[in-house]
Amino acid sequence: MRHPSKSPRFFIVYFLLPALSLYTIFFTLPILDSIRLSFYDSNGLIVGEFVGVANFVKLFTQYPFQERLINAFSNNVKFFLIVTVIQNFIGFLFAYLLTQRIWGMPAIRKISFLPTTLSVLVVGYLFAKLIFNPVFGVFDKLLKFFYLGAFVRPWLGDPMFALPTLAAVVSWQFMGETILFYTAGIDNIPDEIIEAARLDGANHLQMIRHVIVPSILPVIGIVTILIFIGDFTQFDIVYAMATTVGNPAYATDLFGSLFYRAAFMPPARGGWGIGMGAAVSTVMSIIVFAGVLAWLIFFRNMQKTES
């Protein structure tokens, strides 16, 4: 007697089940537990009694919680905008050059992804201790070598330059991912469209503006969403280059560093207890989910308008 064959849906669920289980255990459950903890009072890491939304009321209305939260949100927005501009512009430019028949481009394509394989902590310490060190930093020495000593700054000690410096380091490290996405997007444009534009006499700028960019809009959306998620959950680079306080004077304090300091540091070092830290984490998660959802809706509506 023949058994009825299993449907393709069964095999899809069967092969996705291990990944979904790991995702639920290591991502979904910690988020849900963090939301639960945000409704409890705490003394350090010791969870106390249920207090409802009192932690959120304190976070949004009382000093210093409100001030630190607004500062972290403001820094995160600036950080995201800087990284988005740098990675999208330079990443697209390199991707476009990599798709042209220029000598040496295949080797550059392979090398460009190497920084992404490094640990964020390693990159952070490398730049903080060697590249931007105010005493013997390589960057300042290069500026002086090219007679640009007037531009030498304490890059990580000046509140005006510290956050852009961190954003530049993050952009450099993850530029390889952006280049990879854009290169794949440009390579997937049909050759007929490119050849037709060339026959019409389009130069490089016209090709980019009227052919390539409209064709890879979904890729631009994916890259921007990934940058948004990464930047609003960023912690490692702040810890490595500016400590958990977000030095100097909280100028580099992001949601990730604020959450870590609030949840796991003693009160003498800026700790608020695990309950308040969980409240910060919950606000951070809501902002990330809302931002991604808004971007997806915007992109879907834009694609419908174009079609």
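Glycine too: its Cβ is placed from the backbone N, Cα and C atoms.
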Need the matching range: TrEMBL marks transmembrane segment on one of 141-164, 237-260, and I'd like to know which.
237-260
Same-chain residues at least 6 beyond the ends of the transmembrane segment (12-32) with a Cβ under 8 Å from one of its Cβ atoms are 285
Do the transmembrane segment (272-298) and the transmembrane segment (211-230) come together with 3 or more C-beta pairs under 8 Å, pairs six or more apart in sequence?
yes
